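First up is the structure itself, then whatever we jot down about it.
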Amino acid sequence: MNKAAKSFIRLRSYVWNIGYRPSLGSYEKRKLGIFNVMNFLGLSAGVVIPLVGFFGEKHFPPIVWLAATAPAVISTFVLAANYYQKYEFGRLLYFTLYPLATTMCYALRIDAGIEFFFILYGVLSVFFLQNIYNIVFSFTLSMACYFLVATIWKDYNYSLEKQNYYFYLFNHLLAVFFIFYGLLLIKNENTRYQNQTRDKNWQLRRSNLKILRQKADITGKAALLEEQTHQLTELNTLKNRLFSIIAHDLKSPLYALRNLFRNVQLYDLPGDEIKILIPEVVNELTYTTGLMENLLQWAKSQMQAESVKPQLLDISRITKEVLQLLRLQADAKHIYICSKMERPVYVYADRDMINLVLRNLLSNAIKFTPESGSIQIEAREMRSYIEVLVQDTGTGISPEGLRKLLDENYFTTRGTGGEAGTGLGLMLCKEFLSRNGGRMRIESEPGKGSTFSFTLPKGGVEPNAAG
């Protein structure tokens with residue numbers, strides 16, 4: 001880029017920014033820039049035209065020179081008003097003095113061929129002025145002057161057309177150029193403003209969408225945090241309850257052992273009396289063993305929340321293994337346990353978790369079944385899952401107790417033989433079944449027994465992979 005082009009760009013930038021202040025909006029800044037450029041062109045024309053006329057062959061009367069230099073004087077005052085940020089005053093000055101100066105030329109019976117400028121003043125006043133009264137005044141003034149010059153004053157003493165036709169033609173072309181250039185600038189700036197407004201709207205929409213996504217993300221995280229806080233609070237409450245119960249319940253078997261050994265030590269008890277005391281101690285230790293197993297499984301489940309290892313299992317084989325473990329507990333109360341699973345029944349689940357579920361449900365059935373009662377276990381094959389049922393002839397559960405079992409995390413009562421419990425086992429059953437894609441259902445009626453059933457995903461018939 002050569003020096004002339006750089007100088008022109010710097011000059012245009014300087015003229016464009018005359019009177020600019022940061023508080024102006026982008027649209028008002030463009031209007032100010034266009035108005036500055038138009039006045040600079042008017043100032044230039046007010047200097048160049050007299051120079052051209054001065055060096056020409058024809059000589060003009062003084063009033064013509066005055067009319068020719070008027071644009072330079074008026075535009076200088078307007079640019080000064082803009083420089084001091086008197087924008088509306090400068091524009092009103094422009095759209096008042098220019099029509100009056102042009103009319104004054106025609107009033108002195110001089111036809112300078114500049115009547116088209118009235119149209120330019122009227123059109124531009126509508127665009128540049130802000131106050132509606134100023135717009136009406138300026139537009140009316142320009143149009144009134146135009147009609148006065150074009151229709152009423154027709155007899156002129158001096159006609160530029162006759163004296164210098166090319167100068168006369170130049171004035172008309174200059175007026176047309178100013179009209180065209182002014183409208184073109186307005187159109188381009190309006191188009192640019194609309195494009196920028198559209199781009200800003202698009203950016204705002206993108207920002208709004210981003211903010212909405214961030215808000216949704218924050219809301220989701222807040223909800224998750226609140227849920228986790230609630231879960232931690234419940235878990236802490238449960239932990240405190242369990243520790244309180246465990247601390248209390250561990251005393252019974254320890255005291256039973258201590259009393260047995262103390263009696264043997266102090267009173268030298270015979271073997272027959274020791275045999276009478278041992279079953280009570282065994283019952284207490286059996287309960288304590290189950291309590292410890294459930295507690296360890298609960299602690300493991302909390303530390304390994306996602307640690308589920310599903311595999312193909314034969315539920316009938318696991319049931320037999322659990323019954324073998326609980327046989328002594330059932331025999332102590334003369335309870336008859338019948339399993340109707342005569343052939344393999346395959347499910348897809350975690351072996352250790354399902355073992356614990358069956359052990360707890362059968363242990364509870366034994367606990368709440370009176371002496372000489374019965375317990376029945378069966379499996380029902382559905383389309384996509386297996387349902388396992390544990391039915392007893394025990395005491396049953398009251399509606400209030402059933403509601404607590406279904407709604408709360410833990411609930412416990414003593415069994416028919418005075419067996420204690422924490423309710424932890426049933427809570428683990430529900431949690432482990434949920435992790436394996438199953439659920440538990442309880443049906444009970446006081447005095448008629450209970451049915452605890454659970455479902456698990458059905459497995460394929462692959463005996464080698466079972467168990």
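Including glycine, each Cβ sits where the backbone N, Cα and C put it.
Please treat TrEMBL annotations as automatic predictions, because they have not gone through curation.
What TrEMBL lists as transmembrane segment is 34-56, 62-85, 106-129, 135-153, 165-186. The annotation domain 'Histidine kinase' is assigned in TrEMBL to 245-460. The region 'Disordered' feature in TrEMBL is assigned to 445-467.
Outside the transmembrane segment (106-129) by six or more residues, the chain places 31, 35, 38, 61, 63-64, 67, 88, 91-92, 95, 98-99, 135, 138-139, 142-143, 145-146, 148-150, 153, 155-161, 167-169, 171-172, 174-176, 178-179, 182-183, 186 with a CB less than 8 A from a CB of the stretch. Outside the transmembrane segment (165-186) by six or more residues, the chain places 34, 37-38, 41, 45, 52-53, 56, 58, 112-117, 119-120, 123-124, 127, 159 with a CB less than 8 A from a CB of the stretch. The predicted model assigns the domain 'Histidine kinase' (245-460) a mean pLDDT of 80.
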